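A.B. asks: If you look up Swiss-Prot, you'll see Thr17, Gly18, Gly19, Asn128, Arg169, Ser197, Gln298 marked as UDP-N-acetyl-alpha-D-glucosamine binding site, on the strength of sequence analysis.
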Amino acid sequence: MDNLANQGVIVLAAGGTGGHLFPAEALAHELRARGWDVHLATDARAQRFVGAFAQDHVHVIRSATIAGRNPVALLKTFWSLWQGNLDSRKLFRRLKPKLVVGFGGYPTLPPLYAASNMGIPTLIHEQNAVMGRANKGLAGRVKAIAGGFLPENSGAYAAKTVITGNPVRPPVLVAAATPYTPAGKDDRFRLLVFGGSQGAQFFSQAIPAAVALLPEHERARLLITQQARKEDEASARQAYEKLGVPADVAPFFNDMPARMADAHFVIARSGASTVSEITVIGRPAMLVPFPHALDHDQAANAAALAAAGGAEVVRQADLSPQRLAEMLQSAMNEPERLEQQAKAAKSVGKPDAARLLADLAEAIVSGKTVQEFKEGNRP
């Protein structure tokens, strides 16, 4: 890593969940290959996701989430953000970065505000079809905005927005080389259930209940991989054991891209990283947007894939165990439909997003405007 890092330092700032950190990791991999020394500024939640960064290149910045209107809580929040600003300034004085790139989440506010106030070029990447609150607060200050699913040429900041897609990690690109092979009607059917990096309690209850309603000969075909929150792991595993269905249940899978490539069908939330990985690998999916998202970003992400014919989208409120069982049974017995969905999903994937985002980052470092970058990248 260090013998290549002759271009200078770039700091990536990301909230401590997989949805923010996975695209940051993908960009880091691309930038390192180009000779950049890449550091990560994040929060304490990030420890299980930051294996791609050397320990001395991970910097925990004090931060807090702005929520509610309680004056005392708000005062504590703004105090934490101010301390994070001081942390960031101290870090940047030492590292002297040529660029700071934000990937969303409130922990990006202190580093991006500090960088812009210090005259360091800044760039934010918005993974979702609807801009998150932290990025909204930064959009007016940064040099450029990169979008994953943002609508093209619309919004107040269209002039400085470039649609790059969402960078995916190298293991996703490896998994993308595995072609989709539909299961025959009597073959084993590999189902992947994925709630995003933080899991989904709803799936831990609803999927076993739906599987219990399947005819016995259909249950006998199932091989399930399911991500579940730690508090739901044992109950989900026991439910499948009682039904006689082989199931690998865990809070987190380090090899999720390979498991996705191995799946015949995916049931998932529709966070931006999840949808991006589904499209790059090319797998048929049922997407159930998280219903309590503040900006309904997951619904917008899911709609983008559904419009291409790559997924079915179902509201959680409409998904009874009975309906879920019917949809699962239909998927298991319509291999041609799933094959078409897989092709449609892959057709909208952007496997070169990390390259394009790195190109934009280097353009901003060199002093180019977004307009100059766009003109130089026209087909």
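From the backbone N, Cα and C atoms, a Cβ is placed for every residue, glycine too.
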A.B. asks: Least buried of the binding-site residues Gly18, Gly19, going by other Cβ atoms within 10 Å?
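C.D. replies: Comparing Cβ neighbours within 10 Å for the binding-site residues Gly18, Gly19, Gly18 has the fewest.
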A.B. asks: Would you say which of the binding-site residues Thr17, Asn128, Arg169 has the most Cβ atoms within 10 Å of its own Cβ?
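C.D. replies: Per the Cβ count within 10 Å, the most buried is Asn128.
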A.B. asks: So if I draw a 10 Å sphere around the Cβ of Gln298 (UDP-N-acetyl-alpha-D-glucosamine binding site), how many other Cβ atoms end up inside it?
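C.D. replies: Taking all protein chains shown, Gln298 (UDP-N-acetyl-alpha-D-glucosamine binding site) has 27 Cβ neighbours within 10 Å.
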A.B. asks: What three-state secondary structure does DSSP assign to Asn128 (UDP-N-acetyl-alpha-D-glucosamine binding site)?
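C.D. replies: It is coil.
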